[in-house]
Amino acid sequence: MKVSRKFLQFHMLLLSQRNILSVFVWSVFVQETQANGVLVRSRRANMFLLEELLQGNLERECFEELCNYEEAREYFEDKEKTMAFWTVYYDGDQCKSNPCLNGGNCTDRVGGFYCLCTPPYSGPLCMSMIASIQITMTMTLPFFSWPNL
């Protein structure tokens with residue numbers, strides 16, 4: 001880094017005449033060519049061709065910017081893969097905290113989740129137990145006889 005000769009002479013003069021501490025301030029600015037080397041932007045998919053001819057870029061479309069469902073659908077080109085991505089991207093992964101109890105499997109949905117419970121559990125969080133007792137009832141009609149009046 002270059003420091004001008006006048007700058008150094010001025011500070012040396014101050015040091016010798018007043019016996020004070022001088023702090024050298026270095027410039028935070030760089031040459032234009034160096035700055036442009038750092039700030040280069042990557043070429044976009046639609047630079048020379050129509051954007052529809054090239055496959056989408058998920059990082060550019062949905063992480064650098066906000067994307068909508070259609071942009072995600074164009075990238076994945078598959079409904080199931082798009083929904084798996086979109087449910088997490090749109091409102092976060094509700095299954096991340098593993099809310100299903102007793103070995104239940106969590107499925108993330110937009111705006112919520114669904115627990116697929118293992119037997120004998122049921123309920124929204126798989127915490128209710130289903131009674132698995134079989135009750136056999138035999139029904140017999142009592143024999144009625146009308147009294148003789």
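Backbone N, Cα and C define each Cβ position, glycine as well.
Where the annotation comes from TrEMBL, it is an automatic prediction and has not been curated.
For 1-35, the entry in TrEMBL reads signal peptide.
Positions annotated as domain 'Gla' by TrEMBL: 45-91.
Helix first, then strand, then coil: DSSP counts for the domain 'EGF-like' (91-127) stand at 1 helix, 12 strand, 24 coil. Taken from TrEMBL, the feature domain 'EGF-like' applies to 91-127.
What TrEMBL lists as disulfide bond is C117-C126. Under a cutoff of 8 A between CB atoms, and with a sequence separation of 6+ in the same chain, the neighbours of C117 (disulfide bond) are C100, N102, G104, G123, C126.
Per-residue confidence over the domain 'Gla' (45-91) averages 78 (mean pLDDT, predicted model). Neighbour density for C126 (disulfide bond): within 10 A of its CB lie 20 other CB atoms from the protein chains shown.
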